[in-house]
Amino acid sequence: MTTEAGSETEVKEKAEETSAQPDQSETAEQEGQEVANVEGEEKEKGKEKEGKEGKGITRYLPTWFKKQKSQSQTSPTKEVPPAGEPVSKATEGEEEPAPEVNGHAEEVEEKEEVKSEEAKEATAAESDSTASAETEPAREEKVEDATAKSEETTKEAAEAEGAEEEQKEKERQGHVEAEADGGESQTSIFQSPLRLVRKNKMKVVVCRVTLLDGTDFTCEVEKRAKGQYLFFKVCEHLNLLEKDYFGLTYKDSHDEKCWLDPTKEIKRQIRSNNWHFAFSVKFYPPDPSQLTEDITRYLLCLQLREDVSSGRLPCSFVTHALLGSYTLQAEFGDYEPDQPRPLDFISQLTFAPNQNKEMEEKILELHKSHRGMTPAQADIQFLENAKKLSMYGVDLHHAKDSEGVDIMLGVCANGLLVYKDRLRINRFAWPKILKISYKRNNFYIKIRPGETEQFESTVGFKLQNHRSAKKLWKVCVENHSFFRLNAPEAPTKARFLTLGSKFRYSGRTQAQTRLASSLIDRPAPSFERTSSKRISRSLDGAPVISITEAGSETAENGRDPHLELHSDSKAKEVDLSHVDVEAKPSQQQSPGRAEPAPSQVHTLLLDLDKTQDEVLKHQASISQLKRSFMEAPPPSPPQPNQWEKRLTSSPATTIRVQQQQVTPEVEIEETVVIQEVSRAVKLGLVPVTADSPATPPAEPEPKPQDQIEKVEEEAAAVEEVKPVKPERASSESESEEEAEYQPNVAASITQTKIPEEKEEEEEEQMTKEEEQQQVSPPVVPAPPVEASEPAEELSQEEEEEAKKEDTSVVEEKKDDQEEKESGRETEESTDDPMVTPEEAPEGLILPDETLGAKPTEEQERPKMNGEASLVEVDPRPQVICCSEPPVVKTEMVTISDTFAAQKTEIATKEVPIVHTETKTITYEAAQLDGNGDGEPGVLMTAQTITSESLCTTTTTHITKTLKGGLSETRIEKRIVITGDCDIDHDQALAQAIKEAKEQHPDMSVTRVVVHKETELAEEEED
Amino acid sequence: MAGLMAGFGHYTHAVVRGIPASLAKEALRTSQAEVDLTGARTEHDAYVEVLRTKLGLEVVELPADESLPDCVFVEDAAVVCGETALITRPGAESRRRETEVMKEALKDLNLNIVEMTDENATLDGGDVLFTGREFFVGLSKRTNQRGAEILADAFKDYAVSTVPVLEGLHLKSFCSMGGPGLIIIGSSEPAQKALKIMQQMSDHRYDKLTVPDDIAANCIYMNLPDKGHVLLHCTAEEFPESVKVFEKLKDHMLIPVSNLEKVKVDGALTCCSVLINKKANI
């Protein structure tokens, strides 16, 4: 799947480029890309064509999807379709890529359905190359598929976007920028007539965005556009490249400020007709001096000035004066002794909530001392002081503690702060937090046990209502992800259940954005500061010119440094841009893969790595993990070199960080209950998951319970799910009553793109363990089995996928027993490996299925998930066995054909029928210590090796446990082999075991679980 | 530059106060020790002399007030940070009036005066540890939450975290700053516990210097232009083991200051002066 993701991204990018091309003169780069595109296109052409001509696309599109599309682009009618996520995803796809393409694609579709002529014309006119047109449809298809995939898609999309952005950046850097952007803009210009026509048909909304300087930026956006689209529009308008620190907010129906989720449709979020937003700083960089561009710092300054003057960012008199003086210097330059500005001039400016003459005098006095300082320098000084303020970057939320006392919870880069009145009464650094969850109006954090404590504790807070609890939770998830992770976490994939908020931070993390911005190479853009604008009003007319230029010169459009267009000009721009908008929406989705290829997925859970080289690497990574784990260091920045290489080499490729670093992470267990039934179940779960401190050896017990519960849930979910449409899922996220997010220590997730992988389910199962997500190499095209369809509907039907998955889990144990003090020191323990039996079971199967397989799954999720879980269930018993202490199990084999029983007919025609055979084999060696728990210390590594036909993924979990003075380290390796050709499973397994033994001679293999899933049959809609 | 948190430990002025004769008998104390008034005065003179002569601070000496036996411990009466001085409301009823003269003196130094007027608030300066980046306020017998809140309000730039003081009179009875980012801490369990809390509450990292004797952990750190790091600490006669620890501070100018008598009435080194940096903020 990973592979696909990668390809998708590329496709998207290509799509953009392609779109741009026709209009613009082609740049060499573009050409190159084109070629690539073409190739890519051609591959899929066949499929696409089918789709096009035979209305094929429509055919396999789920009905809801079709509707959506048609609505969005063509038909004015809008339904507020129930389709939550899928739709949104689709939308995303659309937005992101080049607008034009979308337009074409849509048109194509539409031809048959509704309109024809225009579309054709447009197509012809716009796209010189038919090929592009063709391609587009394909993309769409993909998109759709992606949609089906569900969350994955979203993530991918996000990543893709990221990629795009980067690309853009590069382009800009290389001066090509202008062209690229220009491409868009030009295109829009050229096509404008057509588009205008179309416009009428499309539902377009005017968004008003209040910028940091207080001015409004208006732009038209297709009604279905996602948050991202608007955000990018704004950033483009601002000429802002380091945009990841920023976001858009809107006021919800309760007049509370909310962050606009970039991955979702705007319309669904605002839930009102008030298309008014504010551009704000979302993540305050702890060290603004590390920002690359002055313009970014300038915007941050604007935000902070507002924060300070409004009192949101409290500071002392002296600091007010100091900050004010830098503001003066930045805005007005040197103090002029000859023409001292009258005091009343200053008093027109607001520097502080309780500004008075004394302060103004002080400001002026200090201003004098800044003589010679450039505006940029003044901004830097401003920020250097502002960043030290204790409330800098702290997002406060009202809450009550367990005793009902009013407190404030502050979310910031370092963690969660608890304030009572002005006093900080507690602080939970991110590394101390194991899990963040909310349920109704309660917000919980599970705290890692301290040195002297044995068990983790859970701290609960009461928020005003469910909404605010969720909002806080989201903010926490985002802040944690942004500041602590190297790469955003994969959105929960299709878990068993669709339940729960899948919300995850989808943007770039600080580490990523830093890297990205380190590559910014454009000449510093000139920009006007508010006051200077004021001063130079006479020049206002000028901007118009720039607009014109934009029109004529493609290149310059978006990019030009003149960000600040005066109002008039802005308006014009808007029109243009809006054109783009229309086009854009359709495109993106391309990446989704439509056809399911029969693939085999083998999952081997082993302790081993495949190749010896890898072994070495692996070991290295392990040690690295250990180290990092021990130190619990801040996320190490991705290695620049790699990034650069990637960036440079393949512009098309999104930046993926595939490092396996151990960042303190967050594992996410979310549980959101969609329906009541499920809720009930969950409730049950919740308790389990959150082990109360009281529960002592939490692990062993909880797991089984969890599993059981899960099973129940799944069952429930399945039932429920069916009725529920995919859309719901999306909606759910909003309605969900609870969700969890677990920052895991170990997991390094590398992939930007491929989010999904295994984890989801496992997490739940593997309660404490973190797993890593593996980054699957984007490259491999075929392997994964995919049911391309939007499975959602499928979901119920069971599709059996024709996949084979073999999951083998080999646990090696090494028992070194050391007498340790009760304290568990993770680090040390790491060194002495002991095996904890338990974890394995959890890890077993699921992930891969998800991974390997298919985008489809998401859609299917309900079912698939359910199935998956079922499958898992089988293995679980093993788990139980494991938990039995001294019992030595030599071998245990479980073979189940789960699916046969479950198969259900698929009602939907679109759904492919897949038969899946699942086999699970477990091998367990004697265990010295039966207790399993994995707890606090878990480290993981993941490696993915991809070849054309095979995709092998190795995940390593290292768990340390201190029990009664013994430290145990268990290493669990999961190897997933996915491929569409025949694989000699036995051999693979044998080799894996052998390697494991070789690799860890001092450890013993205690258990091997092989889970094999085979796709017996597959239907491809395509 | 007036920058925030710039120049930690840089002081230009010190406010001290004389020892009233009533100190020997009436000053509050947690132990029943006999105070040698003369000895206390001698000690105090030496202390002031160090500040004035050795360190070159401008010392403002307030007259003793016989009706205020504890008045020598000026630290409790005011918290000065930057250009702002918070006049406290001492937890001990008998000491409330100590702030009057202090307030005047600080006013004369052109500091922005903030008064703690809330009847429910109490705060002793001895419970306030300023690290250069933030404040820790000990919640003790003398200081309550409300007092800490008012302090937080007075110094808005800084985080103010509360730390329960389970044993000992004040937070600074077992800790103090030994440099930027260096906390000197006593080795007793309550002291170590308090340190843990402080570390947990802080976004900043602090090094710690653990000394065997809690009271020896109360030192005065300064960073003076021509002298660099300066640490006034207990003498070897009082706490030989702790002094050995201080001697490991190679970068510091170490100045042992005797405190044999005042300690009997719970007076530590920091208690006897309020340090001010008049030029800190432009």
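Backbone N, Cα and C define each Cβ position, glycine as well.
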According to TrEMBL, B:Leu28, B:Asp70, B:Glu75, B:Asp76, B:Arg95, B:Val265 bind substrate, and the residue from B:Arg133, B:Arg142, B:Arg146 that belongs to that same site is B:Arg142
List the residues in the vicinity of the substrate site, defined as same-chain residues other than B:Leu28, B:Asp70, B:Glu75, B:Asp76, B:Arg95, B:Arg142, B:Val265 with C-beta within 8 angstroms of the site's C-beta centre. B:Ala27, B:Phe73, B:Pro90, B:Ala92, B:Glu98, B:Asp124, B:Gly126, B:Asp266, B:Gly267, B:Cys271
State, in Å as a whole number, the widest CA to CA span among the substrate-binding residues B:Leu28, B:Asp70, B:Glu75, B:Asp76, B:Arg95, B:Arg142, B:Val265 given in the record. 15
Go through the binding-site residues B:Asp70, B:Glu75, B:Arg142, B:Val265 and tell me which ones have a CA within 10 A of the CA of B:His170 (active site, proton donor). B:Arg142
Whole-number answer please: how many Å between the C-alpha atoms of B:Arg95 (substrate binding site) and B:Cys271 (active site, nucleophile)? 14
Rounded Cα distance in angstrom between B:Asp76 (substrate binding site) and B:Cys271 (active site, nucleophile) is 7
Between B:Cys271 (active site, nucleophile) and B:Glu75 (substrate binding site), how far is it from one CA atom to the other, in Å? 5
Within 10 Å of its Cβ, which one of these recorded positions (B:Arg95, B:Arg142, B:His170) has the largest number of other Cβ atoms? B:His170
Cβ neighbour count (within 10 Å, all chains shown) around B:Glu75 (substrate binding site): 28
